[in-house]
Amino acid sequence: MTDAASNALAEKGLPEMKGWLLKWTNYIKGYQRRWFVLSKGVLSYYRNQTEINHTCRGTISLHGALIHTVDSCTFVISNGGTQTFHIKAGTEVERQSWVTALELAKAKAIRAMESEEEEEEVTAQVVPSQEISSVVRDLTERLENMRTCYDLITKHGAALQRALNDLETNEDESLASRTKIVNERATLFRITSNAMINASNDYLHSAEAQGHKWSKMLHHEREQRQRLEEIVEQMAKQQSQMEQAAVMVRQNKQVPSNATSTTAVSLVTSDEEMEFFDAEEHAYTGPGRSAESPTREQGTFILKMNKRRSSSEDQVEGHQEGSSSESDEQKRTVQMVQQVHLVSAPRVTSGGQGDDDDVDKAVPAQSSKDSIYGRNWNPDLMKKRRERVPDKPHYPLSLWGIMKNCIGKDLSKIPMPVNFNEPLSMLQRLVEDYEYSEILDYASTCQDECEQLAYLAAFTVSAYATTTNRTGKPFNPLLGETFECDRMDDYGWRCVAEQVSHHPPVAALHCESKKWMCWQEFSMTSKFRGKYVQINPLGGVYVLFPDSGRRYSWRKVTTTVNNIIVGKLWVDQHGEMEIKGSQAAEGHKCILNFVPYSYFSRDVQRLVKGVVMNRNNEVKWVVRGTWDAKIEIAPVLKTTGSPSSPTYTTGDFKLAWRRRPAPPDSEKFYNFTTLACQLNEEEEGVAPTDSRRRPDQRLMEQGAWDESNKEKLRLEEKQRTVRRQRESEAEHAAAEGRPYPAYEPMWFKREKEEGSEDFVYLFKNTYWEAKEAQNFEGCPQIF
Ligand SMILES: CC(C)CCC[C@@H](C)[C@H]1CC[C@H]2[C@@H]3CC=C4C[C@@H](O)CC[C@]4(C)[C@H]3CC[C@]12C
């Protein structure tokens, strides 16, 4: 295959080479026939062709691979570490064409890595051996030029010398003509010397350019090595912790039952050499569930308060360490640390304090088993909606196999097949925040700001309930993609979301009900650190109760997805959340602490604790619970003790939120709640840009993952083309000094927020009217 032809194929995502080869397995089985595919810088193999789309038996990334021939038909390819394939081809010609193709792919992978920063553009590629020889050729050519110059200089030098001799001795010619000759030769000499200098300069530049390229590659390699070192270090630390736990088990001390589980999984199977497990095939090695009743005893906790919130600070918040390291900003602000003691007030009625049953009795208007608030949903007025989505097919694929070459990268930069998705877009996923909107409804009726804040706290925590067992990656929305969700008939709210920016990707969402209005901007940065992915959500969330004019805002906490290498994926939420009141609620705030999961804590996991403070910074309510099950709140009746170690005497705890049970069999369909199932249900009349119309997502929902993957690539490519076009138009405009209009979302407008310097995306309030009129003119054609 020619260079150009294989480039063209690779650009289309088609394999550069494929075919049957014999692969060495082990001494018992010897060589086995396997189907090999070389595509996009990766050599993969399968038992047969039908397996290609779901069960890959092994891969080697060619970037950095060593390829060498053993004999006329055999060659070996290894990644210098864990993976080595011994391969036998049918004939010498066949072997050679594979080796050539592999070398080609390797060169291309290296080039791609170099231009990675400029968003992996596939440009004309060269082979490494070819590349090296072309470099050598280039330098030789320039050296040759220098030699020619040298020859000329010698020649002209000698001629000049002769002319000088003649000047003295040759009396036949006139002095004038002799001087003329000397001058001419001197000029020639000067010209050739100049040429020599130019040729030397050329040589130098060429050599420098090469040196620069190699040093860049070296730098990349060094970084990669450092990251690996960090991971190894971390694993070693964990292992030692596991060992300690094991010792405790031996000594019959109590250890959290799951503490030893991750080491129980071996990384190597005996059947097919080094292969990483598919996560789902193995025993659950995630953390245990939190106990139903979190803190029976009133307890003590540390309360940290500081004027904080800068995204840089969030980033330094180490996950494993749990505590946040001191940033400059933190040092600048006064940090108040309180050791809080909670004591319950003596009760008049009998019964155990904080008992589950008790709590239930204390909740407002309980009537339905579904919700602690009771839902007065009228079945006659409710739209009929589907209760589930098709079952998730079982096409195991190794996540680590895909992600291991991307350590340190942002999640959005890692190309992933739909096997790791859930059939929802991030726009739809965000709407799930309103699953427990009845808490907001109830909060809107609270007279007291602090009590209102305590309910609001329960609401913010409830948004995380779904993350306990939802580890599928939502689809990244395309720029201009929208999602509407009208649940006025049951939940009592309707909402519109739009992907409003591409660089960085930002979604804006607006949700309204009769009693409250909610809006948020969502963007995130993520870092894949080998064993886990850490996600820092950016952007604020706001709620306004129009009747009272009270407004509150907060930011989301950090999410960590664990067990990327081995075991079952599991999610943790951790960090501090501050819900701040503004406008009529100015000065009131709630501080919530999502305690990071710890294998070695005796405490209940997924704990959330917090306090609500009034304008005078006096603690008025206490919040406690877990983000996967329930939140209880209690008013503070009396405060005693010192400011650094206060004791709050609380009244009865009320249940402010309890998670609804999952629908039956939900583990078969991505652990979706009923609301989640309904989000992507086809609906007539929605905008042409609506996530429900996104073809790859629909195909994935229906289980057609191959087709879905193809569509996903097509849509992403389409988006890229549009973006490039805009970029080049903007460039042209800039060159000509013309203004170029920035990208404008359809349904939101970027405006300066009242009384602040911040720009926010505000809902233009035109969507529902446009829908009513079925006038979606101006919507981009994104699918
Ligand atoms: C497959 C692997 C590698 C990655 C999967 C990551 C998934 C599970 C992560 C990526 C981004 C995460 C989301 C980030 C932000 C929010 C908003 C919050 O209000 C509820 C949780 C929610 C919605 C998170 C749920 C979990 C999430 C969807």
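Keep in mind that glycine also has a Cβ here, set from the backbone N, Cα and C atoms.
Of the candidate ranges 78-97, 278-297, 378-397, 718-737, TrEMBL annotates residues 718-737 with the feature region 'Disordered'. Residues of the same chain lying 6 or more positions beyond the ends of the region 'Disordered' (681-709) and with a Cβ under 8 Å from any Cβ of it are 53-54, 385-386, 389-393, 395, 417-419, 421, 423-425, 427-428, 475, 477-478, 480-484, 715, 746, 767, 770-771, 774, 776, 779-783. Same-chain residues lying 6+ beyond the ends of the compositional bias 'Basic and acidic residues' (718-735) with a Cβ under 8 Å from its Cβ atoms: 478-479, 502, 743, 782. For the compositional bias 'Basic and acidic residues' (690-699), residue counts in helix, strand and coil come to 8 helix, 1 strand, 1 coil, using DSSP.
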